[in-house]
Amino acid sequence: MTRVRAVDAAVALLASMCAVFAVTTLTTPASWLAPAFWCSLVAVLVGAGLRRLTSRSLLVLLGQLVVGAYVVFAVTVPGSLRGGLPWTWTAEAVDRVGIDVTDVVTRYAAPIPSTFGITAMLVAAAVLLTIVVDFLAVTREAPAAAGLPLLAAFLAAVANSGAALGLGYFVLVALSWLLLVSRTTSAVVRRWSTAAATPRTPTADPETEPGVLSGLGASARKLGVVAVAAAVLLPVVLPHLPTRFVLDGLGQDDGAVGRGGRVGFSSTLDLSRSLQSGSLNPVLTFRTDAPGTPPPLRVVVAPEFVDGQWRTTTTGSDSRTLVGAARISSQVLTRDRRVQVSANTLDAPHLATIQPVVSADLGSTAWSADQQTGDLFVRSKPDDYVLAYREVTVSADQLREGIPGGDSGASDPQVQASRALDPGSAQVVRETTAQVTKGATSPWESAVKIQDYLRGTAFTYSLQLLPAPTRADGRQETDPVVAFLETKQGYCVQFATAMVMMARAAGIPARMAIGFLPGTFEQGQWTVRAADAHAWPELYFPGAGWLRFEPTPAERTGSTPSYAQEPTGGATTAPNRDPEATQSATGTAAPTTNRRPDVDPTTGAVLTPSVGDRLRGWVTSPAAYVVLAILLGLLGSLVLPVTARLLHRRRRERAPDPATRAEAEWQELVSRLGDLGLRPPSGGTPREWARHYVVEGYLDEQAEESMGRVVTTLERGRYARPGSALDDRHPDVESVARAAARGRPVSRRVRAFLAPRAAVAWWSGLGSRVAALPRRALSGVVARLPRRGR
């Protein structure tokens, strides 16, 4: 395979990886990207080798498919190969992958978890894409057709994401494809004519063909840039089409139609189906002056649990009196914070707020405040609004000892309604609570023990609920709270419900809060999406009011509030989480990589991670792969320049006599000038060549003198008496090469540095030399064998 086709194969791999990179937005983490790259690289190398052995394109394609499939199975599907060979167990492994993929894609919204099945599928898809692109662009020399599979991969990411991809993803794919088309097409055009005219006298080649190609290339590049720019800018003014999905479940949402999706809450929340929205459509964006990660945005609270469902209170009167902060004692440190909401899509009458609200500015929108819960309700959906909420800073010691003068809530209907237990689960809840809170000396200690129990390793976070257990009478358990406490598997609604009921059993008023986690932080604002929906318990403590606790063992909910932790820090040990607990379909927030990880989410205190944690976090992040690729690219770009330098030096140092060294110096100069585009004349003496280089290279007087000394030494070596002493002219060679480079275009100088012809020729012949080693070794052995008759 020629150097040109080798570079084309590398560009095809680059274009494929750019398209695959867009698919990383559909998964978290993108741990499959590295094996996808290495497996694709193997497929490209196999194709390059097969093209050297055969001209039959279908054989090349078949070989790539076979080797690619083998590598994918070996790398991503454990147990699919035994002894390095496929057999019936391979089909069983494929079946396991298919089951896992179907289960994940139908249950989760993007980004979906990178399970073993998803990893295997995406790596296989990446390898297949690379093989198809390599086959079309390099083997069949049809780079334009290679744009179709690249487009298909990019659209797979776009169509299955509820939000628009960044422009960078499209630009990467478009530019890499244009580069592929440009390179392959230029190579084809150069082969249109192979006839060359030979001048009668030494003269410079007219370089008409490169000039024509340069002009065509410039026009093509301009058109390509215009096309990419148009593709980026036109969608801004064109309507956004509805989202489409691979399977039912991936990103699905009744309202997920382009940017027009809306989010609403019903007045009842079914325990087994709530908060499973998969839409990534933005619900709202907001800015706040609060440090660190702000608290969740509450939409409604539900104090009543009836027949396995949480019921919210009524919207109340038309009063605008804000009562949420009324029961906070003056003994508690507070500070008012400002929240500015924009691009709100939450349907009326609900409004997302950070509680307790102390002031609200909704413009002309009519609104009211529930006098029991403090929730705000609107007559129509406001696009933008401004709130102020009271930030409560209360310590664990204050809650343990009790806040002096705190209102017990005896006259508050909301507090009293938040004490009732569900009759169907009351007995089991009381027994479990008594065991969990044993030894607690205050309501706060009971609350922390309950929270830590639910966040412990005995419980598993999963959207997939286990079958209800069987009771002693042989019947299946019908109460959802009892079923959860026995199976110990569920998601945020189950965990929050269990803590509310157990807190009530411990004598603490508790209620369910429904809303959104703060979402992702980017460019100074927080973006909340439908998939950030969450449920959490609020417990009432006299003097502090309603406080949020976090029993859900999901990484995206962040750590528990500081007041809900033991002062020693031992109360919030992270549980053994299911990998599926980190997905947006769980009703938790978007990836924590966009949070502010260096600030405590409740106190705003700066946290200092260890060096090891930072290093592990960086190494496992997608940015590490990008940096590694850049470093490898930089190191790889130096291979040819270093090779050329070493080759020229070896020829000079291994010269047996001064005359041979002078020839090596002359050949080095001719090679380096050729890299700069100064082609030698078709004939003539070294003197004539020197004059040609001086004229064509626009060499100055000093460089001309250096050229003269090099030629003089060469002539003396050729025609003088053998053994004559000759000066080392390598410094003159360097002087002439530098002077010639100053008069050449920057692109030509860069090309001369990165791809010197001497190094390219050496590496191109490396395969032949390596292949000849066994034959040479065998010939040497045969030569040493004694011959018959001697």
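Every residue gets a Cβ built from N, Cα and C, even glycine.
Nobody curates TrEMBL annotations by hand; they come from automatic prediction.
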(request) Look up region 'Disordered' in TrEMBL and report which of 189-218, 399-428, 699-728 it refers to. (result) 399-428
(message) If we skip the immediate neighbours and take only residues 6+ beyond the ends of the transmembrane segment (623-644), which ones have a Cβ under 8 Å from one of its Cβ atoms?
(response) 33-34, 37, 753-756, 758-760, 762-763
(request) Give residue numbers and ranges for long-range contacts of the transmembrane segment (32-50): same chain, 6 or more residues beyond its ends, CB-CB under 8 A. (result) 1, 5-6, 9-10, 12-13, 16-17, 20-21, 24, 59-60, 63-64, 67-68, 71-72, 75-76, 114, 118-119, 122-123, 126-127, 129-131, 134-135, 138-139, 622, 625
(request) Please indicate, using numbers and ranges, the residues of the same chain that are 6 or more beyond the transmembrane segment (116-138) and have a C-beta under 8 Å from a C-beta there. (result) 5, 8-9, 11-13, 15-17, 19-20, 23, 27, 31-32, 35-37, 39-40, 43-44, 47, 51, 57, 60-61, 64-65, 68-69, 71-72, 75-78, 96-101, 103-105, 145-146, 149-150, 153, 180, 184
(message) On the 0 to 100 pLDDT scale, where does the domain 'Transglutaminase-like' (484-553) sit on average?
(response) 90
(request) Kindly report the helix/strand/coil residue split of the domain 'Transglutaminase-like' (484-553) according to DSSP, in that order. (result) 21 helix, 31 strand, 18 coil
